[in-house]
Amino acid sequence: MADVSVKKGLTKGVIKLTVLLGISFLFLFVLGKLLPTPTEDGYRVFPLIGSRVWVWIIAQLHLNFAAFVLGVPIFAVSMEFLSWRRSDERLDRIAYDFTKLFTLAYTITAAVGTLLLISLPVLYPKFMDHMMKILGPTWWLYIVVMYVEVMVCYYYYYSWHKMKDNKGTHVAIGGLLNIMGVIMLLITSAWVGYMTTPAGVSETGELLSRWKAIKTHMWIPLSIHRLCANVVFGAGIAASYAAYRFIVAETDEDRAYYDWMGYTSAMISIGFSLILPGVGYLLGVEIYSFNEQMGIQLMGGFFAWLWVMQAILIGAILMFVNYYLWISLNKMPGGERYFKYVKYLFVTMLLGYAVWLTPHSVALSLDEARKMGTYHPVLGNLGVMAAKNTAVVITYLATFLSFAIFKMSNKEAVVSWAKLGNALRGLIVIGSTVIVLILGVYSYMVSSAVRVKILSPIQFGVFFLAIVALFILDAKMFKGAKILGEPRWGKMPERSQYALIGITVTFTWLMGMMGYMRSGGRQYWHVYGIMQDTSPDAFLPTHGFASVVTSILTVIFFALMGLLFYGIMKLEKKGGQGGAKA
Amino acid sequence: MKGGAIKLFVLVVGINIFFAYIGLYFLPQSQSLPPKTIKIEKGIAQDELIAAGETILFGKGQCMVCHPMKPESGMRAPAIATIGADMVKAAKERNIPIENYVFEGLVNPAEYIQKGFENMMPPVHKAPTSLTEGELIAVSAYLQSKGANITINYPDSVPILQDEIKKETKKGGNG
Amino acid sequence: MQKIYPIIAIIGLVISISSVFKKSPFFNFVGLQILIYGLLKSADYIMPALPAQVILMYMAMSVFSFIIYFSIQEETFKAFLEPMRSLFADDNKKFLRLIIAFIALPLFAGYLTYAKVKPTYDPPVSARIVHPEPPSQMDFKGKTMNVLGLENPLRKDTANFAKNVEEGKKIYYQNCFFCHGDDLDGKGHIADAFNPVPLPFRGTDTIAQLPESFVFWRVAKGWRGLPAGSGPWNSSMPSFEDFLTEEEVWQVIMFIYESTGNKPRSWE
């Protein structure tokens with residue numbers, strides 16, 4: 001398929017997009033004529049599952065795919081840049097593989113987007129009229145940017161081998177692709193931002209200032225949050241692609257390559273996920289400053305238990321990551337020397353996880369309530385933010401240590417101060433843990449304002465300082481170190497790959513749940529405080545219902561992803577001689 | 001390796017079923033319904049008005065999001081349990097009629113902030129809370145019932161309420 | 001019944017330790033899970049018992065985490081799976097296989113079903129405000145009193161302090177001790193007949209958290225004074241204004257604070 005000429009590729013892309021857009025407008029026109037007129041307050045009902053569930057699933061699927069095609073280019077292009085500077089063939093291959101993934105995913109993204117584009121105006125005509133009235137021009141801009149984006153993307157992909165000797169320009173095109181991606185993200189975030197934290201309109205929904213309606217409280221923080229999460233998510237999907245290829249691989253060479261690809265993607269994913277709590281905090285602050293009520297509702301009201309769910313999921317992700325790193329020690333020559341530390345890391349992770357998922361308010365039977373009163377003295381103390389922040393920082397630190405151990409396990413320091421260096425490392429690890437613990441205990445004694453604004457940032461600061469210090473120390477200590485042997489890529493038990501897939505599935509599920517919460521924060525409003533939802537679906541469903549919908553759409557998403565992976569393999573086989581393996 | 005893909009599919013489906021199971025059987029199950037409109041008509045009995053006020057306080061008004069029932073350390077907003085008495089005291093200090101003070105607290109809360117609290121309450125007659133005149137009066141009557149004599153009733157107190165709303169509108173309401 | 005859990009924990013520990021020597025990770029795993037379950041269940045020796053829901057959560061996490069732990073190294077994982085593999089494949093385990101398939105599993109399924117459909121008489125769980133808000137004013141035998149800021153007049157009379165406490169003691173034993181107990185710990189003779197049980201006065205979370213005015217209101221008005229949120233039907237406290245004078249109520253309050261070593265909270 002690398003033989004397809006650039007021109008042909010571009011034409012194909014533009015035609016695909018135009019056909020899909022054409023289909024949607026045709027459908028909108030025909031359905032608008034055929035279907036009965038909407039109800040008085042402006043709704044049509046989707047058969048069987050109802051409008052809300054239908055739009056919910058389609059929108060979340062579209063969002064998942066969009067997150068993927070916007071997230072992957074960020075590190076694909078970075079990888080290509082690195083391969084260009086270091087002239088590293090393997091990096092070039094992985095960058096190309098990433099590009100292959102997102103380019104082919106565009107078609108599915110656009111197809112699901114088309115479904116959404118048809119569904120929304122048909123099912124929610126009055127609401128969409130309002131959105132067009134307020135933010136109409138951004139929609140036309142969006143279509144233009146989408147065309148440019150697709151063209152740049154296809155050009156970038158199909159010209160990969162043609163421009164082998166002109167890498168600089170090719171990387172620049174990749175950069176342009178990412179700029180386009182960010183613009184698309186900004187536009188779509190503006191829509192959601194307006195729905196959740198509207199501004200620039202009068203109380204009756206008349207437009208006052210279009211720019212204000214775009215630049216809402218949520219706009220920028222939501223965009224940054226999505227940008228980071230897209231990278232985490234995209235890299236996660238790339239890792240599960242690698243895991244899939246590893247499992248179905250037939251040669252050792254393939255296995256070695258996909259093992260390495262899975263490892264690289266997983267580390268990109270986890271590295272970026274370290275920023276997410278901070279960015280999420282910013283988003284939360286903006287929601288609070290828009291409307292205190294909505295903030296509390298999201299953080300502690302109806303959704304309180306979903307945060308416990310989130311804790312379970314994030315704990316599981318971190319466990320999977322550590323597991324993957326610990327298994328990876330098997331393939332490192334000299335890795336067996338470090339298994340003895342895994343015990344301690346494991347116990348730390350276990351205790352951290354236990355604290356992290358202890359709920360603050362426990363559902364009690366009468367018998368239990370009779371014995372202990374309404375408030376458990378020990379669990380009550382573990383359930384509050386002071387304990388949770390501490391636990392999370394310490395588990396993150398343990399995860400970083402697992403990574404550091406993996407990195408150094410095949411090396412032996414030769415510098416003269418190696419002993420001192422080891423002592424120093426121990427000191428940093430234990431010291432930062434103790435400081436974080438002390439801060440954690442101290443934060444029980446101060447008011448919540450001091451805890452949130454001063455102590456928690458200090459805890460995270462100590463964590464980042466510690467990992468930076470460890471990073472520098474290791475870099476210095478293992479400079480020119482004796483290498484006990486190259487990692488035996490591909491010598492991984494299959495279950496490690498299941499851990500990678502587990503990470504991605506859990507993350508996708510989490511994304512679905514958080515997306516539901518973000519959307520549910522509006523409660524019975526289409527546009528919070530401006531346009532009320534008067535449809536029969538205006539209520540928030542039970543957590544169980546939301547979980548089932550999230551599970552269903554996650555399975556659909558992975559089924560589509562599986563199709564995509566399968567398609568890529570088919571294509572590679574067809575063009576196997578054509579140099580797709582570069 | 002043959003069958004690898006099937007194993008993976010089983011894994012993905014399995015994890016999702018597990019999460020759905022947690023959501024269904026582990027988390028408390030309740031729905032959050034949009035508020036119902038409560039009818040407040042002329043000649044409504046005082047205790048019915050107060051009961052309606054209580055329902056609004058916990059439901060449509062979303063007051064309990066910030067206000068605790070009983071005083072507790074670090075509370076965001078004044079406690080409801082003693083608010084009637086507290087308002088009488090504050091109204092005396094500022095030398096304004098109690099009815100005006102109660103309504104001002106609802107529709108123009110930024111005007112006077114009790115010591116120790118921050119200005120964070122939205123005017124509740126505006127969107128998104130959008131309480132109607134009748135509902136505002138019901139809430140006011142309920143608040144008075146917490147430790148003070150109830151002087152507010154439905155049709156008679158409407159002019160005072162409208163006065164306070166006008167004052168808020170005049171201020172520009174750009175908050 | 002609770003005494004059994006530490007024993008379970010010890011059994012788990014023994015299984016775990018002995019399987020370390022026998023190099024059998026699977027039984028080590030089983031032993032550890034039993035140990036953790038036993039420990040969580042016997043937590044009520046040092047603190048109020050953990051709620052069943054939290055124990056379930058911790059156990060799920062521990063099973064998940066320890067399976068991960070035992071599958072890190074290839075040899076350990078093989079040894080971990082060995083007992084299960086041999087159970088299904090070895091010829092000499094045929095009998096055991098039959099027992100598990102036809103007796104143990106059906107019994108277990110039966111037990112689960114039984115536990116699920118067994119009728120219970122627990123009322124539905126409801127949230128209850130334990131320390132409700134007192135009204136700002138109350139009516140004590142026809143006399144209007146401000147509860148907010150109400151102070152114990154007998155505290156000023158320091159000369160007769162010991163005498164007042166002594167009087168309070170008499171009143172306590174004539175009126176309160178049947179429910180609230182000889183040791184003021186809420187375990188009186190008939191305490192178990194009530195649900196919820198009478199409050200203890202010892203400890204730092206009952207009267208130590210309350211001003212004397214609140215206690216006065218609670219003693220004087222009893223269950224009838226409770227607001228709806230606290231479920232007046234959920235309290236057996238009589239209205240002692242029918243039996244005691246104002247002075248007697250203050251005396252008994254002084255006694256319960258004095259003999260438990262608690263200090264009343266003051267209005268700032």
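Just so it is clear, glycine is given a Cβ too, placed from its N, Cα and C backbone atoms.
A TrEMBL annotation is a machine prediction, not a hand-curated record.
What TrEMBL says about this one:
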TRANSMEM  A:14-34  transmembrane segment
TRANSMEM  A:54-77  transmembrane segment
TRANSMEM  A:98-119  transmembrane segment
TRANSMEM  A:139-158  transmembrane segment
TRANSMEM  A:170-194  transmembrane segment
TRANSMEM  A:224-248  transmembrane segment
TRANSMEM  A:260-283  transmembrane segment
TRANSMEM  A:338-358  transmembrane segment
TRANSMEM  A:427-446  transmembrane segment
TRANSMEM  A:458-478  transmembrane segment
TRANSMEM  A:498-517  transmembrane segment
TRANSMEM  A:545-568  transmembrane segment
Surrounding residues of the transmembrane segment (A:14-34) on its own chain - C-beta under 8 Å, 6+ positions past either end: 107, 110-111, 113-114, 117-118, 121-122, 143, 146-147, 150-151
Region pair the transmembrane segment (A:224-248) / the transmembrane segment (A:98-119), three or more CB pairs under 8 Å: yes
Long-range neighbours of the transmembrane segment (A:338-358), counting only residues six or more past its ends (CB under 8 A): 308, 311-312, 314-315, 318-319, 322, 326, 329, 379, 382-383, 387-388, 390-392, 394-395, 398-399, 401-402, 405, 409
Closest-packing stretch to the transmembrane segment (A:458-478), where packing means Cβ pairs under 8 Å, from A:139-158, A:427-446, A:545-568: A:427-446
Surrounding residues of the transmembrane segment (A:545-568) on its own chain - C-beta under 8 Å, 6+ positions past either end: 53, 56-57, 60-61, 64-65, 100-101, 104-105, 108, 237, 240-241, 244-245, 306, 309, 505, 508-509, 512-513, 516, 520
